[in-house]
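Novice: Below you'll find the structure I mean.
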Amino acid sequence: MASFPSTFPVMLMIIILMVCSLILLASASNLNQDFDITWGDGRAKILNSGELLTLSLDKASGSGFQSKNEYLFGKIDMQLKLVPGNSAGTVTAYYLSSKGSTWDEIDFEFLGNLSGDPYIIHTNVFSQGKGNREQQFYLWFDPTAYFHTYSILWNPQRIIFSVDGTPLREFKNLESIGVPFPKNQAMRIYSSLWNADDWATRGGLVKTDWTQAPFTASYRNFSANACVWSSGVSSCSSSSPSSPSTSNAWLSQELDSTSQDRLKWVQKNYMIYNYCTDSKRFPQGLPPECTMS
C-alpha cells in the first residue's frame, strides 16, 4: 500500500480548485469587445482573435487600456500574468475608477521587484476623492509564472478583493458611522503598465533596469457579471446584469465562514502593510472604519 505525505489532502484540494477555475474560464471572452487601448503608441496589443491582451513598457513609454462599458456594482474577474524577471521600478495597475474631482476608485496595483524577490499587491479604496486606505500583501505563489484570476466584488454592502477565489481584503459599507462608500458613481475598468521607480520598489531605492526592457504584462479571460451603466440607466434596474446567463446573487454576496477563515489566513501570513495599524500616520486617531471588527 502506497503511503502519502500528510499534506496530500491539502495538495489535492488545491489541484481540484485550480482545475475548476480553468473549467469555469474555458469560454474565453473577446477582449476586443470589452476594451479599448487608450495609450502606448503600439505597445498595447490585443492578440489571438481577442483572447489575449498585452501591455508593454520601455524607456520611452508605458501603455494602457480601459473598458468600453461603465459599471455600477459588479463581480469583475481578469486573469493576469505579471512582468517576469527583474521588474523593479515597474507598476502594473488594474482598477475601477470614475471621473471628476470627487472620484471613486477600487485599486489593484502590482509593484515589481528584483528577480527572486516577491511582488507586492497594493490595494486601495477611494470614495468621493479620498483614499489613504492602503493595504499591501505578498502572494503565496509566483504571479509571473502562470495566469491567476484577480477579482473585485463590488456591491452596495462591501468590496472584496480576491486572488484565485481567495479573499485578500474586505472593505465594508460603513456609511452608518460616517465612512464614505463608493455607490453612486459608475466606474470604468482601467489598466496600465508604467515606470514608477521613484517610489515603487523599496521606496524608490531600486531603479528600473532598462536593459531588461521591454517589460510585458498579459491579460485574458475577462468576465464582468455586473450592472452596466449607460445614459444614466443601470442594466440591473430593468433586467439582469451584463451576463444574463448568470445569477445576480453577487449583489448581496458576503464572505461565508470558509472565506472568512481564508481571509484571516492571508492577512495573518501575507499582509505587509495595513493603514488601520499605522498610528504614526494618523496621529489624530485611526480612521473610524479601523475601529470596527
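Cβ coordinates are placed from backbone N, Cα and C, and glycine is handled just like the others.
Annotations in TrEMBL come from automatic prediction, not curation.
As the structure is a computational prediction, the values presented were derived from the model and not from experiment.
Taken from TrEMBL, the feature active site, nucleophile covers E105. The annotation active site, proton donor is assigned in TrEMBL to E109. Taken from TrEMBL, the feature domain 'GH16' applies to 25-219. According to TrEMBL, the feature N-linked glycosylation site maps to N113. Here TrEMBL flags 1-28 as signal peptide.
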Novice: What Cα-Cα separation, expressed in whole Å, is found between N113 (N-linked glycosylation site) and E105 (active site, nucleophile)?
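Specialist: Distance (Cα to Cα, whole Å): 25 Å.
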Novice: Sequence gap of 6 or more, Cβ distance under 8 Å: name the residues on the same chain that satisfy this around the residue listed as 'active site, nucleophile', in order along the sequence.
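Specialist: Listed in sequence order: Y95, L96, S97, S98, N124, V125, F126, G131, P182, M187.
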Novice: In sequence order, which residues at least six apart in the same chain have a CB under 8 Å from the CB of the residue listed as 'active site, proton donor'?
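Specialist: Correct list: V91, T92, A93, Y94, Y95, I121, H122, T123, N124.
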Novice: Taking 10 A as the limit, how many CB atoms besides its own sit near the CB of N113 (N-linked glycosylation site)?
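Specialist: Excluding its own Cβ, the number within 10 Å is 20.
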Novice: I'm checking region-level scores; what's the whole-number mean pLDDT for the domain 'GH16' (25-219)?
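Specialist: PLDDT averaged over the stretch: 94.
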